[in-house]
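According to TrEMBL:
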COMPBIAS  1-14  compositional bias 'Basic and acidic residues'
DOMAIN    70-201  domain 'EamA'
DOMAIN    223-352  domain 'EamA'
REGION    1-24  region 'Disordered'
TRANSMEM  70-89  transmembrane segment
TRANSMEM  101-119  transmembrane segment
TRANSMEM  131-151  transmembrane segment
TRANSMEM  157-178  transmembrane segment
TRANSMEM  185-205  transmembrane segment
TRANSMEM  225-243  transmembrane segment
TRANSMEM  255-274  transmembrane segment
TRANSMEM  286-303  transmembrane segment
TRANSMEM  315-333  transmembrane segment
TRANSMEM  339-357  transmembrane segment
Amino acid sequence: MRPLDDTGAAKRQESGLPLMDIPSPGSRLEPAAAEVVETPGPGGYWQCPSSPCGSRAQQEAEKKAPCPGLGLFYTLLSAFLFSVGSLFVKKVQDIHAVEISAFRCVFQMLIIIPCLIYRKTGFIGPKGQRIYLLLRGVLGSNAMILLYYAYQLTSLADATVISFSCPVFTSIIACIFLKEKYSPWDALFTAFTITGVILIVRPPFLFGSEVAETDKDYSVHVKGALVALAHAVFAAMTLVILRKIGTSVDYMLSIWYYVIIGLIECVIVLSILGEWRLPHCGLDRLFLILIGMFGLGGQMFLAKALQIEKAGPVALMKTMDVVFAFIFQIIFFNDMPSWWTVGGSLCVIASSTGAAIRKWCHSTK
């Protein structure tokens with residue numbers, strides 16, 4: 001007699017990779033990547049492999065086995081949807097980033113509530129995990145707001161690349177609070193990421209004052225880069241919280257805390273700033289709906305990819321976010337990235353790729 005638990009195994013595999021509000025580096029990993037990490041405990045059953053029912057179950061499992069590369073295709077599709085959502089955020093310039101975040105929370109809340117009722121998980125969570133769920137909600141919603149604000153301040157490519165510094169901060173924070181090992185390889189990846197961010201920001205004390213003088217929008221660019229970096233830090237803290245929670249909480253409940261706390265926070269901030277207003281243009285309203293739809297679609301396909309593919313390849317394929325960001329910036333904004341941005345992007349991608357390959361190799365030993 002042996003346990004047959006394909007669903008549980010898939011869910012446990014899903015929980016192996018966190019995902020910015022992963023944020024990525026970025027942690028600014030898009031905040032949404034961090035929303036789909038944790039799953040409830042498995043619910044398997046016992047079955048005899050030599051019985052007819054056992055052979056039938058094995059045949060059905062073989063029929064349902066995904067084709068090779070399907071998980072990577074789901075990851076690519078997820079990266080595309082997230083990038084399109086970011087494009088719409090960049091297009092909606094007349095609405096504050098906090099209000100865009102509020103609309104996204106409302107849209108996702110309408111989807112999450114029926115899911116929680118169907119799964120019978122409740123809306124509060126286990127008593128010992130509520131404080132972590134609250135932290136996850138606060139940190140994740142802050143990461144989302146900062147990312148959207150960065151998209152409005154600086155170029156799509158720069159904000160996306162800097163957000164991919166999330167894994168570096170995740171390693172540092174996990175070492176401090178979860179006592180995870182911080183190896184020399186992690187230090188090397190951190191150095192690569194810092195180099196990439198410096199090349200993108202180009203601070204005058206390193207590159208000369210003429211950098212700021214020749215670019216009239218330089219101060220706004222620096223502000224956007226720093227906001228994107230802050231997003232990466234908050235996304236990293238969100239991922240560490242999700243690791244701490246583990247599989248003891250349904251991942252839908254984790255998303256519920258994210259959207260409800262995010263909505264409350266957005267309403268409070270908008271009330272203080274006095275920025276709450278409905279978009280005047282019908283096209284902007286359509287963009288707000290599409291931001292929610294594409295964000296949710298990206299989360300769903302990423303979750304599906306993590307169910308059928310190992311975390312390492314998924315993390316590598318997620319770097320396509322940067323490629324899509326460059327393409328969209330050139331096509332829709334006629335903004336050719338500078339060589340400094342390209343060089344910084346290569347450093348950050350090399351860092352995240354190296355970290356993903358290293359973790360992949362460790363998981364296969």
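Even glycines carry a Cβ here, placed using N, Cα and C.
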Structural state census, the domain 'EamA' (223-352) (DSSP three-state): 111 helix, 0 strand, 19 coil
Surrounding residues of the transmembrane segment (157-178) on its own chain - C-beta under 8 Å, 6+ positions past either end: 18, 20, 22-30, 83, 86, 147, 150-151, 186, 189-190, 193, 196-197, 200, 221, 224-225, 228-229, 231-233, 235-237, 239-240, 243-244, 315, 319, 321-322, 325-326, 329, 337, 341, 344-345, 348-349, 351-352, 355-356
The transmembrane segment (286-303) and the transmembrane segment (70-89) contact flag, 3+ Cβ pairs under 8 angstroms: yes
Leading stretch by Cβ pairs under 8 Å, where the reference is the transmembrane segment (101-119) and the options are 70-89, 131-151, 185-205, 315-333, 339-357: 131-151
Residue distribution over DSSP helix, strand and coil in the domain 'EamA' (70-201): 110 helix, 0 strand, 22 coil
Stretch with greatest number of CB pairs under 8 Å, the transmembrane segment (185-205) reference, 131-151, 225-243, 315-333, 339-357 candidates: 339-357
Segment-level pLDDT (mean, integer) for the domain 'EamA' (223-352): 85
Interface-richest range of 131-151, 225-243, 315-333, 339-357 toward the transmembrane segment (70-89), CB pairs under 8 Å: 315-333
Listed stretch, out of 131-151, 225-243, 315-333, that has the most CB pairs under 8 angstroms to the transmembrane segment (339-357): 315-333
Residue numbers, six or more beyond the limits of the transmembrane segment (315-333), whose CB comes under 8 Å of its CB atoms: 17, 19, 24, 30, 33, 72, 75-76, 78-80, 82-84, 86-87, 90-91, 155-157, 159-161, 164, 167, 305, 345, 348-349, 352-353, 355-357, 359-360
